[in-house]
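The structure under discussion appears below in the form of C-alpha cells.
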Amino acid sequence: MEEKPFSVIVNGAVPGEPVKTDKNSRRGNWGNQIEFILTSVGYAVGLGNVWRFPYLCYRNGGGAFMFPYFIMLVFCGIPLFFLELSFGQFASQGCLGVWRISPMFKGVGYGMMVVSTYIGIYYNVVICIAFYYFFSSMTNLLPWTYCNNPWNTPTCNGVVTPRGINNTLANVTRSLVTGAAEVAVEVVNKTKRTSPSEEYWKHYVLQISDDIGNFGEVRLPILGCLAVSWVVVFLCLIRGVKSSGKVVYFTATFPYVVLTILFIRGITLEGAVTGIKYYLTPQWHKILDAKVWGDAASQIFYSLGCAWGGLITMASYNKFHNNCYRDSIIISITNCATSVYAGFVIFSILGFMAHHLNVDVSEVADHGPGLAFVAYPEALTLLPISPLWSLLFFFMLILLGLGTQFCLLETLVTAIVDEIGTDWIVRNKTVVTGGVAIVGFLLGVPLTTQAGIYWLLLMDNYAASFSLVIISCIMCICIMYVYGHKKYFKDVEMMLGFPPPIFFRVCWRFVSPIIISFILIFTVIQYKPITYNDYVYPGWSLAIGFLMAMSSVICIPIYALYKIAKSEGTTFLERLKNSCKPDVKWGPALSEHRIGLYATPGSEGEVEVRPLKEELKEKEKEDEKRDEISLTIQGSNGSTAHNTTPSA
C-alpha cells in the first residue's frame, strides 16, 4: 500500500500532485506510444512520397535538390510538426476544441475541417482505383500488357513482344495494330505512340469523357471499389483510435516491406543504374533557382500534412506527458527518408524501362496518377511474373493511401464529437464515424463518372494548395503573438517537463512564418492554370477550383466577425480583446493536470496542488482503517480504489 504514492514520479507527475493515471477515459488514448508514431507515420507518408517527390527531385537538380529539401525540413517541417503535436496534446482536443486558446481564431479549425473533407473525398477515390488495379492484377497476364484488346486504338504500341502466346493471338494483334509485332520493343515517336497501359487507363478503367462538364455515366466497377474502400476505412475506425491503433501495425509497416522487395528487384535490373543516376545526379547550378527552393518548401509542407488538422487530432489522443518533441523529429525524418527511398524504387524500374526501349529516362519519367497508373504499371509488364509485382505495387499504394485516409476521417469525427461533447455522442462515436463515411462515399460518386478524373485533379490542385499555407501561417501568428509565445513555452514545459529548445522557439516566432509566407508568394507567382495532358480546363471549372480553395480560408474571417459580435464589450476594441482571450476551459483536459495557472479555485484543480505530505498522511489514515476492517473480516480486498480527494 505504501508503494502507491511513489507512482507519482513514475507517471511523470510533478511534486504536489496526487497519483495520476494520465489517461483520458472519456475520449480514449492510444494503447501505447508505438501506435501513435505508426499512425502519424502512416498519415504523413502517403501517395505523394511515391508519386511526387522522386519526380520533383529529378526535375529540380537531382542530388542538389536534397540540400534545399533538408534545409526546409529543419527550419520549417520539423518545427511546424512539433507545434501542431504539442498544441493538440496539451489541450487533448481536436482541430476545433484546441481554439479555446483564442476563440476568435476557431475559424482556422473549421478551415482545417473543410480541407480534410475535400482531401478525404478525392483521396479515397485514388485508393479505390488502386483497389481496381489490384483486383485486375489477379491474372496470369496483366490486361495492359498488349495492344490486342477491344479498347485499344491503332496508335497503341506495346513495349513487349507477344512471345509465349499462340500464333492465332499474334495474328489478331497484327491485324489490330499494323506492324505492332515488328516494333514492339521500339518507340516509334513519342507524340504518336500510346502505350497499352495508357489506353487501358483512359479507355477501359476511366472511359474518360472529352470535357469536365460531360459526366457521362458512373463507372460501376470503380463505384464498387469506392464502396469497398470506404467500408475498409470505417471498419478500421469503428472503435476510434482503439481499433485504428491496432490496424496501423500492418498498414504503416508493410509498405516498407513492399518498397524493399521492389527496391531489391529494381536495382538488379539492367539499366537501373542509369535511372538512379537521373534521379540523384546533382545539377548544382539549379540550387540558385528560386523555383527549386519553392518546390522543396512546398513538398516538405504538404507531405508532412501540416494544417490539415490530422496532426492535432492524432496528438490529442496522447497522454499528457508524452514526449511529442521526440515524436515530431522521428516522424518527420521517417517521412522524408521514405520519400528518398521511394525514389530509388521508382527510378530503378523506370531506368530499366528506358534501357529496354532505348530512350532517355526523361521520356518515361512521370508523376502523379500518370506514374502510378500508366508509367510504372507499364514498366512492370517487362518483369518476369509481372502480375506478382503489380499486386505488390498496388497493395503498397492502397496501404499508403489508407494510412492517410484513417487520419482524415478521424479528424472530422473527432472534431464533431469534441464540439458537441454530449455523453450520448461520445458513447456513440461509431454512429458518427459511419455517418461521415456514408456522406464521404456519396460525395465521391461524381468522381467515379467518366469525367471524374478531371474533378479529382481539380480538387487535388485547388482544394489543398495555398489555403493550407494561409491556415498554417495564421495558426503560428495566433499561438505566438495573440496568445503569447511566453505562455505557450510555459505550457509546453508544464507538459513535457522541459521548455522547447531555443531553436524551435526562434523557428516558431520568426523563421517558420517567414518560410510559410515565402511558400505562399511562390505558389501565387508560379501559378499556372491546371491542364490534364492536352486538355485545358475551361474558365468556369477553374472558378470552382478557386471557390474550393477559398471556402476553407473564408471560414477564418467569417467566424472571427461572428465571435467579435458575440463577445462582451461596449466598443469594438473591447469585443476584439475579449474574443482573443483564452476560454476558461483552455488548458489540460484532465483535472489532475490543471495546476498552476490552470487550477480553478474551489474545484479539483485547487485540491490537486496540495503538498505531497498531506496526501501521504491521508493515505496512511485510510490504510489504518482498512487494516482494522481486515482484522474483523478476513479476505476483504484492500485494493479497492479509494478517493484521494476529500469530500465537500
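Any Cβ shown, glycine's included, is placed from N, Cα and C.
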Looking at the disulfide bonds in TrEMBL, identify which of C128, C156 pairs up with C147. C156
Please report the Cα separation of C156 (disulfide bond) and L400 (Na(+) 1 binding site) in Å, rounded to an integer. 31
Taking the Cβ of V45 (Na(+) 1 binding site) as the centre, count every other Cβ atom within 10 Å, in any protein chain shown. 28
Whole-number answer please: how many Å between the C-alpha atoms of N49 (Na(+) 2 binding site) and N335 (Na(+) 1 binding site)? 8
Counting CB pairs under 8 Å, which listed stretch among 220-241, 300-317, 388-409 touches the transmembrane segment (253-280) the most? 388-409
Are the transmembrane segment (430-456) and the transmembrane segment (66-87) near each other by the rule of at least 3 C-beta pairs under 8 angstroms (pairs 6 or more apart)? no
Would the transmembrane segment (300-317) count as touching the transmembrane segment (388-409), if touching means at least three Cβ pairs under 8 Å and pairs must be 6 or more apart in sequence? yes
Below 8 angstroms Cβ to Cβ, which residues of this chain, lying six or more residues outside the transmembrane segment (503-527), approach it? 72, 75-76, 79-80, 82-83, 290-291, 293-294, 297-298, 301, 465-466, 469-470, 472-473, 476-477, 479-480, 485, 489
Could you give the residue numbers and ranges of same-chain residues that sit at least 6 residues beyond the transmembrane segment (539-562) on either side and whose C-beta is under 8 angstroms from one of its C-beta atoms? 104-108, 110-112, 114-115, 118, 212-213, 454, 458-459, 461-463, 465-467, 470-471, 474, 529-530, 579
